[in-house]
Every structure is written in structure tokens, then in C-alpha cells.
Amino acid sequence: MPFPLASQGSQQSQKTYGITSPISLATPKDTDCTLTQKLIETLKPYGVFEEEDELQHRILSLGKLNNLVKEWIREISELKNLPQSVIENVGGKIFTFGSYRLGVHTKGADIDALCVAPRHVDRSDLFSSFYEKLKQQEEVKDLRSVEEAFVPVIKLCFDGIEIDILFARLALQTIPEDLDLRDDSLLKNLDIRCIRSLNGCRVTDEILHLVPNIDSFRLTLRAIKLWAKRHNIYSNILGFLGGVSWAMLVARTCQLYPNAIASTLVHKFFLVFSKWEWPNPVLLKQPEECNLNLPVWDPRVNPSDRYHLMPIITPAYPQQNSTYNVSVSTRAVMVEEFKQGLAITDEILLLKAEWSKLFDAPNFFQKYKYVFYNLLAMFAWGEIINKNKKRCYTLKKKKK
């Protein structure tokens, strides 16, 4: 697996990425390359890099799934009596998004996938005939559908790989192989569930188009994701940041230091976001107007958007804040972690510490000793409430 140990050349400095000029156009020194190699060696034991044979297995499995989709769409087209000329070129395609599409998935990670179909294929077709087709495949295990979810999904294990499949029906007669989902015009005449399903691919692809050096971005993101997980701040549900938010912060760092490599970018990440003046938003590009009347993040128009504490705005239309769950307390925790990360990477760059120090897991009970007792109190109080509920219910039954 190739890793970036040097800049891509002076041409990178000719283009401005993001909404501001770069902070620095400095190119890597020998020490930066050495530190980047040490970073790679430090990351390896944590399983953040997949072996080549595992990667090829994923590619092969996705290819099989893609062929199944094409075959299924042809069958649906025949059942709906489309002309033979259309059936022969009807297409259909599986796109990936999330960590796999970004190129930062870890060993054994699942794959987020999107099934894109032409206009005559309904979502109900996916959850009926395609679901039945999947059932018949010997590679498919643990098949289940969640049709009524906020974003409807089919979950399965395909040849040992866990895959989540979303669905989007485009207003096109056929789906070409070279379809670019970043094209905003594809959103016209789509229902909201299709737009939500498309959003993951559109955001992921846009991020990759907005960084100056994809290899440096990927290695930096692997390091930051591992650091966030080790420090227990990788969770959108708990009010911290999820995968796409971390990716956008790393992408913004890459835009500000377009010629830097991973060892420098990890340090600059902590430098930038330990000093960021929240709630100023993090933007990878200026929001675009598409006149499709979809709700977008805009504090000038939407009063509720003004109360977001740590806005990180997705770069694809319709732009959304990916961190709406962040609270005052979780933001304070993250900012403190950024400051500690900066202090450690300062030491690493001065050759006074090793990369392993950055990924040392903090002692939870030393750091949050009072939270433990509060949780015990909450559990105890919950038991009292549950017992009282049962008692009240029993009394009501007796009275009857």
C-alpha cells in the first residue's frame, strides 16, 4: 500500500482549496518524511490498514453485488415491458460511501453502499424482488430489511463482508457507468428518501474532490480517527463527532496546508481546531444555490441554525450541519482533547515523544471519577421508578 512521504510537487500550490487562502505552502522536510513513516509504523498494530488480499476480496464481492443489481434491474425492466433497446442499456450501479469510499476503512469494517436505479424501478421493488434475489445467493447471510427507517436500508453479510444497501431512484431512463453523483441536477424530481440516500455518496465524493492530496488526507484521517476512538470522542449519537465530521475537519486542515504530509497535518489539525473560534462554521467550500427548495443549513434564514455550537457543514447540496448533536459539555471535552493533542504532537515534532503517546487511551476512571457515581445514582433511581411503576400498575389491577 503506497503512502505519501513527499509532496506532489509545486503544482499543488497553484490551486486554492477551500474558502480561504492556505496558511502555509511549505513542502516537507526530511524530518517530516521520517516522522510520517514512524506514524505509519505506529498505526499498523491497531489494524487501521487492510491487507491487500482483504482489499481484493472486498473489490470482488462488490463486483458480484454490482452484477446482481444490473441483472435485477434488467429483469424488472422486462416485467414492466420496456422496449428491448432500453433494457439492453438500462444499467444500474452500486456506489460506495463512508469510510470505504474515503479509503480509510479498517480491517473487518462494514461497507456502506447505494443502489442507484432508473426511474421505472421503485423502492418497493428493492424490498421485494431484489430482497428475494439476495435470499437465493449462497454468499448472502444475515439478510434483513428496514424499509420504514429514516433512510430505508437492506443489511446483509455478503461473502463474509457486512454491507448496508441504500436505494435511490433517479429521474433517468438509464443509469450510465460514468454517472457522477455530484451533479446537482440529479436531485430534481426526487422524493426526500432518495435525496437522503444519495447524500452520503455526494458528501463523500465532494470531500475527495476538495482536498489537495488524497493520500495525505487519508493517512491523516486514519490517525485522527484512531486518536478520537482511543479518547472516546468518536460518536455522533453521544454528542461528539461521527466519521464524516472528522473527515471534514481533516479535509479543512489539508486545504490550509496543501503541500504538507501526514506528520505535519496531524499536528496542524490540533493546532487549527484547538484555537478555532466556535461556533464559526467549518466549510470546505462556499455553499451553492440550486433553487431546488430543499432545506439547507443557513443561520441567516433558519433561526434554529444559530444555536448550533460546533457547526461542520457538509459540502454537497443540500448543505447540512453534521454536528447538530454537539452540546456545551461535549464541545468543551473535544476542545480540551484538541489542546492535549497539540501538546503531545508538539513533543513528537521536537523528537521528545513517540507517536504511541498520542494514541494512549486515557484512564477513564481518573478522568471522569464523578461520572461513575452519577451513573450509579441514575441506575438506582431508575430501578426505584420502575418498581413504583410496577407497584402502581398492580394496585390499579387490584382496584378493578
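Cβ from N, Cα, C; glycine included.
These come from Swiss-Prot:
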type: BINDING; residues: PHE97, GLY98, SER99, THR106, ASP110, ILE111, ASP112, ASP164, LYS225, TYR234, GLY243, VAL244; note: ATP binding site
type: BINDING; residues: ASP110, ASP112, ASP164; note: Mg(2+) 2 binding site
type: BINDING; residues: ASP110, ASP112; note: Mg(2+) 1 binding site
type: MOTIF; residues: 382-390; note: motif 'Nuclear localization signal'
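On the structure: features taken from Swiss-Prot.
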residue: PHE97; record: ATP binding site; DSSP class: strand
residue: ASP110; record: ATP binding site; DSSP class: coil
residue: ASP164; record: Mg(2+) 2 binding site; DSSP class: strand
residue: LYS225; record: ATP binding site; DSSP class: helix
residue: GLY243; record: ATP binding site; DSSP class: helix
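A C-beta separation below 8 Å, combined with a sequence spacing of at least six in one chain, links LYS225 (ATP binding site) to VAL48, VAL104, TYR234, GLY243, TRP246. Listed in chain order, the extra residues whose Cβ falls within 8 Å of the Cβ center of the Mg(2+) 2 site residues ASP110, ASP112, ASP164 are GLY98, TYR100, ILE111, ALA113, LYS155, GLU162, ILE163, ILE165. Recorded residues ASP112 (ATP binding site) and ASP164 (Mg(2+) 2 binding site) have their alpha carbons 5 Å apart, per Cα-Cα distance.
Of all Cβ atoms in the shown protein chains, 22 besides its own fall within 10 Å of the Cβ of ASP112 (ATP binding site). Here the Cα atom of SER99 (ATP binding site) is found 13 Å from that of ASP164 (Mg(2+) 2 binding site). Mean pLDDT for the motif 'Nuclear localization signal' (382-390) in the predicted structure: 48. With a cut-off of 8 Å between CB atoms and residues at least 6 apart in sequence, the same chain places ASP110, ILE111, ASP112, ALA113, VAL153, ILE154, LYS155 near ASP164 (Mg(2+) 2 binding site), listed in sequence order.
Of the listed binding-site residues, namely PHE97, ASP110, the sparsest CB environment within 10 A is found at ASP110.
Cβ contacts within 10 Å of SER99 (ATP binding site), excluding its own Cβ and spanning all protein chains shown: 21.
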